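Structure record follows, encoded as structure tokens.
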Amino acid sequence: MNFNHHFTWSLVIISQIFQVQAGFGDPREALLEIQQKHGKPCDCAGGYVSSPPTNSLTTVSCSTYTAYSVTNSLKWQCVSTPTTASPTHIGSCPSQCNSQSYDSVHATCYNHYQQCTIGNKTYLTATMIRDKSPSSGDGNVPTILGNNQNLIIAGCPENKKGQVVCWNSQPSVHMSDGGGPQDKVREIIVNKKFEELHKSLFPELSYHPLALPEARGKEKIDAHTFDLLATVHSLLNVSSQRQLAEDCWLCLRSGDPVPLALPYDNTSCSNSTFFFNCSNCSCLITPPFLVQPFNFTHSVCLYADYQNNSFDIDVGLAGFTNCSSYINISKPSSPLCAPNSSVFVCGNNKAYTYLPTNWTGSCVLATLLPDIDIIPGSEPVPIPAIDHFLGRPKRAIQFIPLVIGLGITTAVSTGTAGLGVSLTQYTKLSHQLISDVQAISSTIQDLQDQVDSLAEVVLQNRRGLDLLTAEQGGICLALQEKCCFYANKSGIVRDKIKNLQDDLEKRRKQLIDNPFWTGFHGLLPYVMPLLGPLLCLLLVLSFGPIIFNKLMTFIKHQIESIQAKPIQVHYHRLEQEDHGGSYLNLT
């Protein structure tokens, strides 16, 4: 009895020590695998399509194209935004513009559009290619314009497919055309108002010294970029995927940066007093910049009512998430400042660090992460330092998004701070990224205010990065429109590519010094890829007829031996039985 008692308690203790996952494995690992497969919105893992999918969960604006999360595969498919047929020419509007025009038309309703004028008013005109119903807000939640005017996303004119229609060039308040020309006009208007606001709060000096770009060596990197990469690498060192930090490549996307926006994990921001009595809020005014909303499902949304069309700053509606609850910030007495390390993400997924008193629209609070991908060191990467003598097919490189490498996606999805590092530890990286955006925008603005000849330099350095590719002897390795930096246990290795290039250069010199390799006046490297197929063809032509004749002879002998073989009939004598006596009886 005593033995059974101890045995029972031993089983209880062991069951508490070892964690058992029921089912087919850890669901967090499955979620991580799914998110890695689907990728980020602007990566377009589902490819580029000509028309938007019929069923999609959410949409994300990516500047020149729109990403759709397809229902059946959950991969992001991208559709290019329509372009103007003639950007410099404004013609006359069709006659039907006099009788009928629309407030807004969705960008997926046409492929190209054109500006036109009639009666001193500018319209947009295009030929409709599809039908689409407008989408409205729910009647049981607060809306910006009230329940009677809660239109959010414009649609296509009804029964106008194949016909030319006209609509206003100026955007309507709180109505989006899906990343079309009206949304672009709204962004320009908002940017100008923020520039005016910034100049009024921080007056410029009357004299600016000439700002010339700093000449950097081939092995130098922009300070902001290096600090950002170093911070990311330090986070990898303390995350659940710390083995990646020992040997990996950190890849930045070339072009304008589009950071990832994650839901702000703070339950204290569920009421308006959190924003107006915020002790860690700094009113840092930055121009609105594009972000990629990631893992937004049900969020606490901020909204401000429409007040006056001539003075309000319409930041649009956050259509990439479902608002589970709303916080009314209408007619605030003071500007709204985002807490440190966070931003307001509003319509067309534009991020703001500061919202003035006359803003209107709806936004959500988010934390930023840089759009950085990781390549494990075990993954072979091409080093474009020398010409390859033998043709090799290019293989796809498997990039791991930073948000997955740090284990943030599973922590956000499960509502925990688990998988290695708490979400609060990423605030430093988000704050650094926001400050970097501010520094880049300030530098660009200073350069734009100077000599016109620097305009091209400004555009080339829009990112604030000095990205020199491997062909130029720099520290950046260009892979699939990304710039990759090598890192190990000690941090970012500045001379990794240079060492690889030196090794490859030594091998090339060894090949050049080999007389066999330099034979035929240097034509041998180009003949070598053909030697394999030529040798195979020569072997076939040489031994093919012999093998064929041997095979035919063998088959012929087999047939002849079968034909010459006599047919044997197997039989045996029948035994006679003796019944009774003899048939002849001699007397």
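Cβ atoms are placed via backbone N, Cα and C, with glycine included.
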If you look at how Swiss-Prot annotates this chain, which of 296-304, 476-484, 539-547 comes out as motif 'CX6CC'? 476-484
What range among 273-293, 399-419 does Swiss-Prot describe as region 'Fusion peptide'? 399-419
I'm validating the feature mapping. Which of 143-146, 395-398, 451-454, 571-574 is tagged motif 'YXXL motif' in Swiss-Prot? 571-574
What kind of secondary structure is Asn237 (N-linked glycosylation site) part of, going by DSSP in three states? helix
Distance [Cα-Cα, Å, rounded] between Asn358 (N-linked glycosylation site) and Asn328 (N-linked glycosylation site): 14
Neighbouring CB atoms within 10 angstroms of the CB of Asn340 (N-linked glycosylation site), all protein chains considered, total 17
In the structure shown, with every protein chain counted, which of the glycosylation sites Asn120, Asn328, Asn358 has the densest set of Cβ atoms within 10 angstroms of its Cβ? Asn358
Tell me which of the glycosylation sites Asn120, Asn322, Asn488 ends up closest to Asn271 (N-linked glycosylation site) in space, Cα to Cα. Asn322
Note: in the chain of Asn322 (N-linked glycosylation site), residues six or more apart in sequence with C-beta under 8 angstroms of its C-beta are Thr297, His298, Ser299
